[in-house]
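What follows is one structure encoded as structure tokens, with my remarks underneath.
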């Protein structure tokens, strides 16, 4: 989406990820309140549209989240479902409202609680009309096949994949919002329980509860609200895959490649300009594949990019500086929103103990959603100041 007028992030909020005994609406409100406070918004009537992303917690989740904030009854509240990209999609739509002049202030929220709502044995299954689901395919199995093929084609080892968990846990060491953090060795990752070979338990994200929220506004409102360090949204792009099940290159992701290409073209920012990236590292192999798909390195050089230390502090681009999904866990509808919230905090130098230096000027987030190829959606966003 090419932005018709400038859009700025005024404030962000997020909750700690993990297991929560409070429901999704409490988590969503906590993140929203933090974002509203950071935006100097003290009256609910100042917000002109709201989008709430959620994956599994039922109907009218947005109204449930926002009713106790005084937002019901005076603004449109739109509920967004897009599997794992729901939170990112909610913020994309809030950005669109401001970009098109439909609102001067809008909020996007992603929230989820699986602890209180998990349907045992059926969680996250795609529709049984999906040919891959009918034959027993699940996400972990699909990514395991991608890992096996990638290792066969490139010579990558189990230790290479484990390096990503080690890196991301190290990034999250001092992050109070992360669920899993602290030093872990390559040996501990490789020797943890096998889930779907070659992926072990420590190479798969945990299914978590949590929330994230982002308030966006026009340039005029930035001045009225007195935002000291507004973050400009340089671009925000959503693409969906075609409906087919034909053979494909499972070591790539053409939807992500197309989304990233469109984002760079519309924003005028190239991958070489990006300082930090939060991507969809639901599994170690996913992060490795997305290095190339997002253009962080040339095709065929993702493994070299990792081995050379280019995805961590002191490298070309710090990938998953908050610790990624491998450290936060993955609350389906909330992850995309939390990625953006964490990136904005990095750009505002608000991450003591895990701050990227020098302070990032350009950040990119990437989240995917869907089961089979036909239902996949990709969301990528570039922000700068």
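In case you wondered, yes, glycine gets a Cβ from its N, Cα and C as well.
What Swiss-Prot records for 84 is active site, acyl-thioester intermediate. Residues annotated as CoA binding site in Swiss-Prot, with similarity to another entry given as evidence: 19, 121, 193, 204, 205. The feature site 'Increases nucleophilicity of active site Cys' is assigned by Swiss-Prot to 330, with similarity to another entry given as support.
Between the C-alpha atoms of residue 19 (CoA binding site) and residue 330 (site 'Increases nucleophilicity of active site Cys'), the distance comes to 11 Å. Set side by side, the recorded positions 84, 204, 205 differ in how many other CB atoms lie within 10 angstroms of their CB, and the most is found at 84. Remark: of the recorded positions 19, 193, 330, the most isolated position is 193 (fewest other Cβ atoms within 10 Å of its Cβ). Secondary structure from DSSP puts the residue listed as 'active site, acyl-thioester intermediate' in a beta strand.
Counting only the Cα atoms, the space from residue 330 (site 'Increases nucleophilicity of active site Cys') to residue 84 (active site, acyl-thioester intermediate) is about 8 angstrom.
Here the candidates are the binding-site residues 193, 204, 205. The one whose C-alpha lies nearest to that of residue 84 (active site, acyl-thioester intermediate) is 205.
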